[in-house]
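As given in TrEMBL:
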TRANSMEM  12-30  transmembrane segment
TRANSMEM  69-90  transmembrane segment
TRANSMEM  110-129  transmembrane segment
TRANSMEM  135-156  transmembrane segment
TRANSMEM  163-183  transmembrane segment
TRANSMEM  203-228  transmembrane segment
TRANSMEM  240-258  transmembrane segment
Amino acid sequence: MKYIGSAFRYVFKNFIFIFLFALLPSYFFAASLDLNALGSIVDNILHGRAELSFSQLFSAFSLFNAARWQFGLVSFALTAIFMPMLLAFVEKHMRIGSRSLRGVAKRINYNFVSTFILIVLAVGVYELWAVLASGLIYACSLILDGIAQLIAALLLAFGMMALLSYIASIFMLWLPCLHITGYSFLDALVFSNQLSADRKGKIYLSVFLPFVAGVALVLAAVGVCGAYKTVVPVFVIIELIYLLLFLYFNVLMYAAYFDAAGEEREDLKKRF
């Protein structure tokens, strides 16, 4: 819980300085979601069943669903552009205590390649996860019926989210190690695992709990707004959820890194 509180405090305290880095990626991410597929999931949950096709499940999980893949692609491209600048701002602020935006755009030349490569790897892993999760949950609809079908599907979904969070937590410090130490990809990965060795549980919970909460909030928004057949509110709510999570996970990487490396954070010092 320590890392969760630390990262969210940073996000809300510095929101006015960092939200622009997440605004466009979150907008196109929200636009890329298949609300019909998400609505089908909510409807099945409310009716105590899990009668969903593989295509419905994959369309709900994937970043590049068949109906709105163009928006997912734009969101990916914008993330690759704005994420290096956001990380540069966070690193500079935590390291020297300055919230100046001067020089942040220039850091994209230094951070872009490493960030882009890891984003591609992350998206690839996520899409494989989406295929596996969709297949397992779809299998439940073929084997079981009624409430047993729903319970098994929910347990599988929860387990798959736990697995994805575990994978993310293993590599959480990799990018900060690349940016700060200047090590090669392999050396930075080894060093990041050494740093996180005695903090794996903390890092895992800091990934898993906000992730599950975000998914639950998205489904709740789809369910409530779907009942009133309103599209705009659910779009805005999902964009805000993703914006906060985008900022949170980027800040979390550096908050966890500074703590694990034992480096003092200058942004926490009071300045008069």
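Cβ atoms are placed via backbone N, Cα and C, with glycine included.
Bear in mind that TrEMBL entries carry predicted annotations, made automatically and left uncurated.
Most Cβ pairs under 8 Å with the transmembrane segment (240-258) belong to 69-90, among the candidate stretches 69-90, 110-129, 135-156. Same-chain residues lying 6 or more positions outside the transmembrane segment (203-228) and placing a CB less than 8 Å from one of its CB atoms are 1, 3-4, 7, 35, 38-39, 41-43, 45-46, 158, 161-162, 164-166, 168-169, 172-173, 196, 234, 237-238, 241-242, 245, 248-249, 252, 256.
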